[in-house]
Amino acid sequence: MTVNSRPARPARPVILGQNQYGKAENRVVKITRDGATHHIKDLNVSVSLSGDMDEVHYSGSNANVLPTDTTKNTVYAFAKEHGIESAEQFGIHLARHFVTSQEPIRTARIRIEEYAWERIEASDAETGHSFVRKGQEVRLTQITYDGSSWEVISGLKDLVVMNSTDSEFWGYAKDKYTTLKEAYDRILATEVSGRWRFNWTDDEQRVPDWETSYEQTKKHMLQAFAETYSLSLQQTLYQMGARIIDNRGEIDEVRFSLPNKHHFLVDLEPFGLKNDNEVYFAADRPYGLIEATVLRDGCEARIPVDLTNL
Ligand SMILES: O=c1[nH]c(=O)c2[nH]c(=O)[nH]c2[nH]1
């Protein structure tokens with residue numbers, strides 16, 4: 001049966017809703033060789049396209065469908081042809097390509113995770129070609145382009161941080177189920193998942209230096225975590241976001257999802273020992289989950305509330 005002889009959209013009280021497609025999790029590693037000194041970019045790139053795709057769902061006509069296999073090939077070809085300066089620059093390039101080269105494709109969303117590598121120090125000097133994977137965090141970006149406007153949301157996940165003092169939690173609401181003891185010197189630890197939205201909207205004007213922006217944003221966030229004398233994780237979260245908004249003019253919105261990695265003092269009395277804020281039980285679950293958006297005054301919140309969807 002040819003495509004044309006297939007039945008058109010069936011006469012049923014059913015319609016197609018939001019849809020998107022593409023190749024997810026394209027792992028691309030780009031080595032740039034500068035003599036004996038090599039540089040690595042290690043990305044996990046997910047392409048998601050949407051637009052005039054009714055027919056492929058209704059009748060099976062693939063005329064508007066650029067194969068997901070092609071989107072995968074484009075990721076690898078672009079790594080060679082254009083290089084990977086930053087995850088954001090690479091994502092912008094890909095998004096623009098899909099929307100401007102295929103008429104039926106109206107919106108491209110490119111999500112990228114970046115894994116960092118650090119040079120191994122040999123006994124005499126740094127090596128040019130040996131690396132150890134940096135375990136700290138996964139860097140993230142999401143680029144969305146609809147042919148006229150851009151949205152760039154970057155961030156990170158899996159960044160585990162701890163303050164071994166300067167954290168209290170007391171004065172909270174209590175009811176008959178409250179057993180938590182007030183804490184005047186506790187451990188504050190979390191695994192930061194954060195996203196920040198850039199106010200960059202145009203492809204030519206004021207393009208942020210994406211690499212510097214990431215490093216500086218992470219630095220301000222960590223300094224705020226370290227320097228805030230915390231009365232709650234909520235207060236610390238707000239300070240982390242506010243520090244970014246205050247210092248990074250290219251960012252209008254920050255959202256954090258911070259699990260409170262509880263450290264409970266162990267009762268050592270049964271062993272005749274005094275626990276002087278030294279020995280803790282690190283609980284993995286359940287955990288408090290503190291989430292909030294911090295915005296530049298007058299700006300709109302657009303980062304999804306549930307960061308697992310981003
Ligand atoms: O920083 C905290 N915020 C809370 O809301 C909370 N609730 C709780 O039991 N411990 C904590 N700690």
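Numbers run from 1 along the shown chain.
Placed from the backbone N, Cα and C atoms, the Cβ positions cover glycine too.
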Looking at TrEMBL, which one out of Phe169, Phe198, Phe271 binds urate in the same site as Thr68, Asp69, Arg186, Gln234, Asn260?
Phe169
Across the listed urate-binding residues, Thr68, Asp69, Phe169, Arg186, Gln234, Asn260, what is the farthest Cα to Cα distance, given in whole Å?
53
When you measure from each Cβ to the nearest atom of ligand 1, which of the recorded positions Lys23, Asp69, Phe169, Arg186, His262 fall under 6 angstroms?
Phe169
Return the count of C-beta atoms lying within 10 angstroms of the C-beta of Gln234 (urate binding site), excluding that atom itself.
15
C-alpha spacing of Lys23 (active site, charge relay system) relative to Gln234 (urate binding site), in angstrom:
37
